[in-house]
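Structure record follows, encoded as structure tokens.
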Amino acid sequence: MGDYSKALEFYEKAHQIKEKALPPNHPDLAISYNNIGLAYNNIGDYSKALEFYQKAHKIRGKALPPNHPHLATSYNNIGQVYNAMGDYSKALEFYQKSHQIYEKALPPNHPDLAISYNNIGQVYKNMGDYLKALEFYERSHKIREKALPPNHRSLATSYSNIGQVYNNMGDYSNALEFYEKSHKIREKALPPNHPDLATSYNNIGQVYNNMGDYSKALEFYEKSLKIFENALPPNHPNLAGSYNNIGGVYNDMGDYSEALEFYEKSHKIYEKALPPNHPDLAISYNNIGLAYNNMGDYSKALEFYEKSHKILEKALPPNHPSLATSYNNIGGVYNDMGDYSKALEFYEKALKIREEALPPNHPDLAISYNNIRLAYNNMGDYSKALEFSDKSNKIRKTALPPNHPSLASSYNNIGQVYFNMGDYSKALEYSKKNFEITKQVLPENHPDLTFPYNWFGKIYRSIKNYPKALENFEKCVAILKKGLPEKHPNQAVTYSNIGDVHRLMGNYEKALAFHQKALNIQENVQDNPLECALTYINLGETYREMKDYSTALTYFEKGLEIREKKLPKNHPDLAVVYHNMAKLYLATRKYSMAMKNIQQALEIAQEKLPSTHPHLLEYKETFEKIRKKM
């Protein structure tokens, strides 16, 4: 029922009786310690869980012969705690000890051997070794097929685990196939409101979410929620998990206020059902932080990410991979705030943990290298950015199948660095590599297909091939219209890009129309205000080129007001607006105002950007033009 503190209370009452009634090494005392360990494990108090599992093991070690299956169960439970603590090598060691006993003590097709293979597979999955995980899950499945009737629940679990590995490998069609096999068995074997059916719907929803079919994902997550609501008490952690998943879909759909609502529902349950330092509460704070970050409320995002981190620091060992994820998320906020050195500091903390805790080709290490790449890219240190892009890409090529979406993302990131370096032919080459994978693994209207089209648009715009740029940006719009709600924030960004191309082509009326379309979305949905600020600034540039300086100034000031509120005072994006305003004042012969703005732009750029950054060079050029006029 998920009421772990109540469970613990009764397990301890049982234990007190057994302690009085039985000799100190009686096997029933081991069962008692084991149950208490299980409750602590579910509560998230892993050190306590380990303590009680080890007490159980000590008794079994004395009372039972060395190959007794109960000793294997003991090793298995200890392995499970190490797995939860992120110590995968220890987990593997204990699971293998357990497995060795089962191999000696049991016939080759015994269901407990299948559980053993399954547990070893789970550790390999957590270590990012998906092929090994698949190998052990399939061994487990073979035994279950021989030993069990065709509609046994354990076969459903087997199919589900294999589906999960395919999902992690980015092979969504295979993932869906195995999850549906699992679901068919559960439909036949279980009553219609059984929680395992809800888990099944949840898994299918997850694949649809990864495939970008958000309406389907929502449909399955809501089916799952309905069962949990009927089958479980109102404060059960599984209900919180359900609300969390629905929040995740709304987040991916860009409906951040709706996402926040579901994340907060989830959090309320976790607060009632779990002790204050349970890792699931940390996940809950993390999700709320994510919604605030996407809404552009960075101080709120940071507040919730730090709450999450505090819990994880108390609940987990110092090198647990979840702590790395936490540092990574905090780094992401600092990155969005334009404090790139702070972002880098947190990204490097995350990398340090992952390097110690994970095998050298784990996909999470690639994520870490990629984040460091992002920080260097934003700082304008493109050679460093390229170095970390290559490191990330090297791991993904080794660890993942050749058509994995993360590999496509890797090529996209390398292309982005070349784009910022002004090497547009290289940028185009990597964007094409990204596109080749993306179009193979994702359905034709998946929102992630907009990324390569968007980069094609940007590259063609930079090489002044405006018809090609327009063609690609319009493909983005077509996909977004089919795959996302009508007023999704990504639609607005694309409209703004199309408007910018029309400006460069001298089609000012069309440029204004598209920028206005962008604003109609951005001013009427809860979105990151910084996206709206960018549209105001693009509008300002359009009016400046049209020589409508008063309207241009109005839009520049609107954009500047948002950026000054939301960003640190030395953020490079503020320098961009000051530079635009300096050019406007130069054109209207207000040279002292022009000088004031260009000096502000230069001050930020000299502090935050390297000396070779293109923006800094452009600001210096504008400064010289103004100086000559004064």
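The backbone N, Cα and C atoms fix where each Cβ goes, glycine too.
The repeat 'TPR' annotation in TrEMBL covers 30-63 (among others). Here the repeat 'TPR' (30-63) is broken down by DSSP into helix, strand and coil counts: 32 helix, 0 strand, 2 coil.
As annotated by TrEMBL, repeat 'TPR' applies to 72-105 (among others). The average pLDDT for the repeat 'TPR' (72-105) in the predicted structure is 92.
Feature annotation from TrEMBL assigns repeat 'TPR' to 114-147 (among others). Beyond the repeat 'TPR' (114-147), the same-chain residues lying 6 or more positions past its ends with a Cβ under 8 Å from any Cβ of the stretch are 72, 76, 79-80, 83, 86, 88, 91-92, 95-96, 98-99, 102, 108, 154-155, 157-159, 161-162, 164-165, 168-169, 358-359, 361-364, 399-400.
The repeat 'TPR' annotation in TrEMBL covers 156-189 (among others). Secondary structure of the repeat 'TPR' (156-189) per DSSP (helix as H, G, I; strand as E, B; remaining residues coil): 31 helix, 0 strand, 3 coil.
Sequence-remote contacts of a segment are chain residues at least 6 beyond its ends whose Cβ falls under 8 Å from one of its Cβ atoms, and for the repeat 'TPR' (198-231) they are 156, 160, 163-164, 167, 170, 172, 175-176, 179-180, 182-183, 186, 192, 238-239, 241-243, 245-246, 248-249, 252-253, 442-443, 445-448, 483-484. Per TrEMBL, the feature repeat 'TPR' maps to 198-231 (among others).
Summarising the annotation, TrEMBL assigns repeat 'TPR' to 240-273 (among others).
Among the features that TrEMBL reports, repeat 'TPR' is placed at 282-315 (among others). The list of residues near the repeat 'TPR' (282-315) in space but at least 6 beyond its ends in sequence, with Cβ under 8 angstroms from a Cβ of it, reads 44-46, 240, 244, 247-248, 251, 254, 256-257, 259-260, 263-264, 266-267, 270, 276, 322-323, 326-327, 329-330, 332-333, 336-337, 526-531, 566.
TrEMBL lists 324-357 (among others) with the feature repeat 'TPR'. Listed as Cβ neighbours of the repeat 'TPR' (324-357) (distance under 8 Å, sequence separation of 6 or more from its ends, same chain) are residues 86-88, 282, 286, 289-290, 293, 296, 298, 301-302, 305-306, 308-309, 312, 318, 364-365, 367-369, 371-372, 374-376, 378-379, 567-568, 570-573, 608.
For 408-441 (among others), the entry in TrEMBL reads repeat 'TPR'. Away from its own ends, the repeat 'TPR' (408-441) comes close to residues 170-172, 366, 370, 373-374, 377, 380, 382, 385-386, 389-390, 392-393, 396, 402, 448-449, 451-453, 455-456, 458-459, 462-463, 614 of its chain (Cβ-Cβ under 8 Å, at least six residues beyond either end).
TrEMBL lists 492-525 (among others) with the feature repeat 'TPR'.
As annotated by TrEMBL, repeat 'TPR' applies to 533-566 (among others). Remote same-chain residues near the repeat 'TPR' (533-566) are listed as 296, 298, 492-493, 496, 499-500, 503, 508, 511-512, 515, 518-519, 522, 573-574, 576-578, 580-581, 583-584, 587-588 (criterion: CB distance under 8 Å, separation of at least six residues from the stretch ends).
Same-chain neighbours of the repeat 'TPR' (575-608): 338, 340, 379, 537, 540-541, 544, 547, 549, 552-553, 556, 559-560, 563, 615-616, 618-620, 622-623, 625-627, 629-630, counting only residues six or more beyond its ends whose CB sits under 8 Å from a CB of the stretch. Per TrEMBL, repeat 'TPR' is recorded for 575-608 (among others).
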Checklist entry - Under DSSP, the repeat 'TPR' (492-525) has how many residues in helix, strand and coil? => result 28 helix, 0 strand, 6 coil
